[in-house]
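Asks: When I checked TrEMBL for this same protein, it listed these features:
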| type | residues | note |
| --- | --- | --- |
| COMPBIAS | 1-17 | compositional bias 'Basic and acidic residues' |
| COMPBIAS | 25-41 | compositional bias 'Basic and acidic residues' |
| DOMAIN | 26-213 | domain 'Tail specific protease' |
| REGION | 1-41 | region 'Disordered' |
């Protein structure tokens with residue numbers, strides 16, 4: 001039995017109806033909804049809620065989710081370049097529920113040495129393991145020596161927990177805050193019947209240092 005809080009059973013007949021309706025949508029409808037989602041994330045600045053330089057030349061980033069890299073790439077670069085000359089950086093993940101592992105990979109690459117192994121995913125029913133390493137190049141200045149602090153809460157979840165856990169195990173950041181939500185494994189929702197949904201992991205995250213998550 002996994003202790004991952006991604007596993008949950010939900011009573012939600014309306015959501016089940018929406019899922020079934022979505023599964024029967026045409027490609028045109030799916031593309032329209034994809035564009036609407038991208039536009040919504042654009043209006044939210046791709047999760048980059050607040051960015052500032054505080055007294056003492058301390059950089060602060062309130063990041064609400066890790067948006068898809070294709071859409072958020074320019075915003076990530078702009079935010080990292082804004083923080084590049086600060087004496088220390090605070091990344092606030094207290095309201096961050098997760099997101100794209102590729103975006104986590106890019107942001108991590110600004111703070112860690114090249115080719116640092118961040119995380120791996122082992123998928124159920126497959127012999128393959130998907131690995132994530134820091135990138136040798138990101139646009140702008142890297143901040144290997146900048147003091148890094150990560151703020152967490154019980155609402156810090158999924159990918160935000162991964163980012164925090166990676167930085168903690170690599171001894172790259174000081175973690176400040178509450179115990180995080182406890183959602184480590186990737187997966188998705190499945191319909192049980194007309195009334196219940198169950199969210200089931202389809203794989204597990206493996207940290208290269210702790211060998212767990």
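Backbone N, Cα and C define each Cβ position, glycine as well.
Since we're looking at a predicted model, the values are computed, not measured.
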Asks: How do the residues of the region 'Disordered' (1-41) split into helix, strand and coil according to DSSP?
Replies: 26 helix, 4 strand, 11 coil
Asks: Please average pLDDT over the domain 'Tail specific protease' (26-213) for the predicted structure.
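Replies: Per the prediction, mean pLDDT sits at 92 for the domain 'Tail specific protease' (26-213).
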